[in-house]
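Novice: There's a structure below that I have some questions on.
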Amino acid sequence: MHRFTGPRYQRVASEAPESARGSVLPGGEEEDDKASDNDFLDLPDFEEGIKDDDPVKSTLRGRKGKQRALGPPGAEKRFWFQRSKASYDPGAIATQPSVFDDLDTLEEYRPPEEWENIHRFDPDERWTWGEEHNLIRKIDRRIMIFAAVMFMALELDRSNISQALTDNFLEDLGMNTNDYNLGNTAFKLAFLCAELPSQLVAKWIGPDIWIPTQMAVWSIVGSAQYYLKGRTSFLVCRALLGMLQGGFIPEIILYLSYFYKHHELSLRLGFFWTASTLADVLGAFLAFGILHMRGVEGQSGWRWLFLIEGLLTLIVGLFAYVLMPSSPTTTSGWFRGQKGWFTEREEKIMVNRIIREDPSKSSMHNREPLTPKLLWQSIKDFDLWPIYILGLSFQTPMSTPSNYLTLSLKGLGFGTFKTNLLVIPSKVFHVIAMLGLTYAGEVFGELTFTALIGQIWAFPFLLFINLFDINEINKWLAWIVMTILLSYPNAHPIQVGWNSRNSNTVRSRTVSAALYNMCVQTSGIIAANIYQADDAPRYKRGNHILLSILVLNIFLYLGTKLYYVKRNAYRERVWGAMSAEERLQYLATTSDEGNKRLDFRFTH
């Protein structure tokens, strides 16, 4: 955060009733003789009924010493099952203590005037839990649901390659499984190369413009796969699709962080990837019907699959242009209504609850580009590298069997249409396990060991396919083993939110999201090349590699835990050794930003 030396706080003139407004001095403060306790008539007085010795009562600054009560720290009932009538009071104060409540730190964390939400920033704003939770539900309806729909549309058009495989796709184009691996590699490599540039473009022109553009162009290229003629055209299309999707997920994550607190974002990312899995389930049902069109106009069923699902993505992409507001305070528009989606009161709550939890979210405005210097500072942030390293390998042991699931089932003797239906159970169970894992991470406040569960889950099943040839056992037993393996609880939502929390600035969060996703895509390239044609059909060598990577992952998670524990312990010793005056001096003069600040602690 930058240090701001302007006036401590100046209320926007339109926020106060006319009788309460005084003339403004050059320094920005109203004259004392024209200010009174009625300055805050537009804010509810939460002090009634609070006793002087109540630990909840705050000694906040306010004009003429007016006090403002805050909610007790940690009083939030984060999950619906915690909000019983006995323990949840929707009328209680929700505003949590923050650096903005202290005169000594307020100026050090004040948002800059360029921040798009500055007109709604108010350190004196107070609201109740009932108001906040109602607002969160409204944000879910207006923002989160459509974000999930966009991801579903993109995933539907991205994953249809696996359904196409069941309709003699490789045979029609004169290709083999190595060509298929090369196509997946081209997709991932192009995705990887475009990840960071795409994220930088989104930060420059805004995700509300760039994301719909990506979707629209992607859908056109996806539909063009109808005209594939052979290996070369297949590889070109896969590379173009990868390039167009690069940066999409980090852009959405950064966009959602404008509206949600950290723990809220982690849970919603769980539902976000649930939407992806639901798209796979929907895609299987659609494929079951569309692939029956084989022979229509003399074309293969997979050609109709690419064309129809590409058009569906295009429709969603066009709607995205008018359904994605650029920020919480800019939701008005010709399609969204001139008054916007949120009232002035709701905008104040949205802005202040987010900024109070994480003041770094105002460090850059939503259309501010990253300079090469800031980019380099983010890339060399070694404190995020442990999470990047996890991204390189944590999904690989399960991704390779998943890529080959439809081919494996056909090889076991299941027909085209039955194969597409048999992949559905693993998708459904995967969703349930992933959501359960994400909730567990937030409920217990433990990220590393919770994320590790997915590796432990997969271990016995990978060991089984190493010891036994699934092509020689009963095909239904083989299907059960593969289904349970691919139902593993994916830690991806946890780790994306974990990476965002430990970034602690918009600049770093923008780059780190892209770098983490680049690592994940690199793991996809590795996974796409572990099974080779000369190792088919058992893939004995490939399965040995997958089991070895999984064992390595267990040690990587333990090492990550140890690293962050040690980093926090070091900072605690340094910070604890400083006097109160030294801490204030540090806050006022430090050039440290984001997760480099001594008062920041890494989550793990």
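Positions of Cβ are set from backbone N, Cα and C atoms, glycine also.
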Novice: For the transmembrane segment entry in TrEMBL, name the matching range from 143-165, 189-211, 419-441.
Specialist: 419-441
Novice: Which range out of 235-258, 447-469, 545-564 gives the transmembrane segment (514-533) the most CB pairs under 8 Å?
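Specialist: Comparing 235-258, 447-469, 545-564 against the transmembrane segment (514-533), the winner is 235-258.
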Novice: In terms of Cβ proximity under 8 Å, which residues at least six beyond the ends of the transmembrane segment (270-292) contact it?
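Specialist: Cβ under 8 Å, 6 or more out: 144, 147-149, 151-153, 155-156, 159-160, 163, 166-167, 252, 256, 301-302, 304-305, 308-309, 416-417, 420-421, 423-424, 427-428, 430-431, 434-435, 437-439, 490, 492-493.
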Novice: Would you kindly list the residues that approach the transmembrane segment (304-324) from elsewhere in its chain, counting only those six or more residues past its ends and only Cβ-Cβ distances under 8 Å?
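Specialist: 146, 149-150, 153-154, 156-157, 160, 163-164, 167, 207-209, 211-212, 214-216, 218-226, 228, 255, 283, 286-287, 290-291, 293-294, 296, 333-336.
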Novice: Can you give the mean pLDDT for the domain 'Major facilitator superfamily (MFS) profile' (143-604), rounded to a whole number?
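Specialist: When the pLDDT values over the domain 'Major facilitator superfamily (MFS) profile' (143-604) are averaged, the result is 82.
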Novice: For the transmembrane segment (545-564), could you work out the same-chain residues 6 or more beyond its ends whose Cβ comes under 8 Å from its Cβ atoms?
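Specialist: Residues 386-387, 389-390, 393-394, 396-397, 400-401, 448-449, 451-452, 455-456, 458-459, 462-463, 466, 502, 530, 602-604.
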